[in-house]
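Novice: Encoded as structure tokens, here's the structure I'll be asking about.
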């Protein structure tokens, strides 16, 4: 076969030959035509072979169509040969209705990835002069129409509108219980049909199609539709990676079996092959047995760029438990604590129903093993830190609905909207801000000033054996309240302190992630990997590893001593805007502009969970301290709560009116704080939100979720700032809430 | 919005575009920024297209030239991230290798020095004139300095110098941040000058031997921020070194 695409389709044909007669026809004709184009008579032989019964009407029609096509292209000799071999009568054939079903190109071939380019190549090579005859919508020559339109530049977009309206009418006429589910089909169908028209250069028709039907779509697709409306030519689609991904990946719909049967029956009996083709090619229908879902249930879960998540995407086992804390010998004055923590487990780890709270030495079945991923060993300084941590935890205040935390707000003045990232160390001693002028500034929260380490020659002079050597290495002459770190060449979008307070990470629009030393206040390493803006970065809770996510739609796992990433988490359809480690450092959650959240396994790099439901890009993620739940906030102003083990949405907190930029659980997981652009901090009752759902009988099979509309009850307090959006939240070890933002009058 | 007649047409169009794209709140300067960008982009494309047209020996620029110009610019300035299948393939390969084990007790865990930013980012010029008359003051540790050009009038010393042990280019990290004031006894003067005025920017390549420093208690502070090798000497205020020993 001369043409490459012909050969591809040919191969597919041989496989599909007996299974899908309808679509097979296209493939055959493709092969035929491609063969004919190279004018080899042997190509007609396959045509002959592929006719199961010579007299079958469909095949007859197919052959007629091919014949007609050949005649149009003035390939008279080949036409003669075909006619002779196929035994077709010599007759003038009317141009059959050209079904402008460009989707017929797909011919049921599920080429995932590369589909767009294949499509493109087919379209560009397609011969001109296809039949332009108008619609014969209900005609029973689907094969012919589709075949011809495959080679016609000018399909009939009136058909698109007709088909779409037809489907609309049908869906409006079904039973109520099915209607909600079937309405899910509208949006992806609309987008794909529109894109088909644009690809085939039917600008005017595409525009008309858009204007007629875009208003019917769900309101949460408004942003996408607006972007789509600006896309009127094929060339516009070239650089838009998100859109190309949308075309090549399958939009997932979850429909109950009954509804699906209805739809299938309707489409097949009306021989609406065009819509059927689009559905087969671009949509993945995840069928479940059970009750159809209601509109509100569907609305809760939909909204992402690729539909919902397939059920098997959320079936992998996730070890959401926490790692065992190592044994630490506490100093003598903490003996009473030691008695309680026989295995060195910090006292705080007794959240409600946490299975690891028991004093037994049994491994939590839900926790990963200590050696699942290599973690750095504890140094002496780390052990001292842990002792401090345990001491502080004893003084921690127990929060609850009747015992709300005090909030201390750190306002960045004179930032002129330049504050882009904030982080606070775990012991709340340092606060760092990343700014749009590419600087990073570190402040000391405590009265203790920031000092640099002495120079090497001075270090030689000090007494290394003295007890306060850690104090002596600091150069008091350099003490100051804040230190500024220069190095980036673009706005700094993410900052993260390391657990041992020695390092600071910052990621910026210049595509690098920089590691700064907080002892010398200089830059140590620049990690280059993303070549595009990096939106977020975070150190792992144990140090050594860190993750970054950026515009190139992947998140990367790095270790401080490797200049290249260790893992690449690819799968999102749009930028990765938020990256967070799970408390046990074995999993990474990424939130993205494609409105989904994915949970990745650090060990294998696989995506183990996909959470859909947000209607806007996700900007905040927070794991609960017991590792079981995830909270996420997006530009739609909702906070969604997810159960990681089951992979389901378990709660929705409505209240914020603008984008949520920060989420944080209190130290014991009782309270969830959320900060947003609407200048408020809201506190939610996390124990109550997770309370009713500690049971294990989720209907994970159907994905039916029953969200209670109890946001009002869960809201414990709303605290307004004076025109200062809240960019960061942090609970101190004693459960005081720190918040940070830049004053923006 | 002010009366339309005071806003040029281009700006009106831009406002409309912003509205169509759903951008409702923006600072007024955004319009100027967008217009500038538009103007620059369009002129670049048209100029490129003119070049292509003349290369193809066409008398007038036509749509194909514009298309080609746009394509070339897109590939050059407005690159987009790699396509999804490429990323998935790269991820698959990367994720196959197991996570490396962590060696214990290795101090700060940083990549090999080549990939770090901890090395000095300057290099020193070599000796132009050797310091001959310093024979009598051999006890002076020899310092390698950057180009010294202190003007005769100022009592300051421009010594953006760093010591290099055995003239290795890569000085050890620990030396960064050290500061030394150096008096380079000029060839023609006597010893007891506190400040020196180098007659020429001659540099003497001197080696500091730290062991010599100890007993003399010479407090040497230099200016470490020499970015360019051979950069002009930085005028610095001479520090008040009480321990300063006449060299």
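Cβ coordinates come from backbone N, Cα and C, glycine included.
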Novice: Could you tell me which of the ranges A:86-108, A:109-131 is annotated in TrEMBL as region 'Disordered'?
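Specialist: Region 'Disordered', as annotated by TrEMBL, spans A:86-108.
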Novice: Per DSSP, how many helix, strand and coil residues does the repeat 'WD' (A:485-518) have?
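Specialist: Secondary-structure composition of the repeat 'WD' (A:485-518): 0 helix, 20 strand, 14 coil.
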Novice: Given a Cβ distance threshold of under 8 angstroms, which distant residues of the chain, six or more beyond its ends, lie next to the repeat 'WD' (A:569-610)?
Specialist: 242, 245-246, 249, 303-306, 309-310, 313-314, 316-323, 367-368, 372-373, 375, 535-542, 545, 547-557, 616-623, 625-627, 630, 632, 634, 642, 644, 647
Novice: What average pLDDT does the predicted model assign to the repeat 'WD' (A:611-644)?
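Specialist: Here the mean pLDDT over the repeat 'WD' (A:611-644) amounts to 94.
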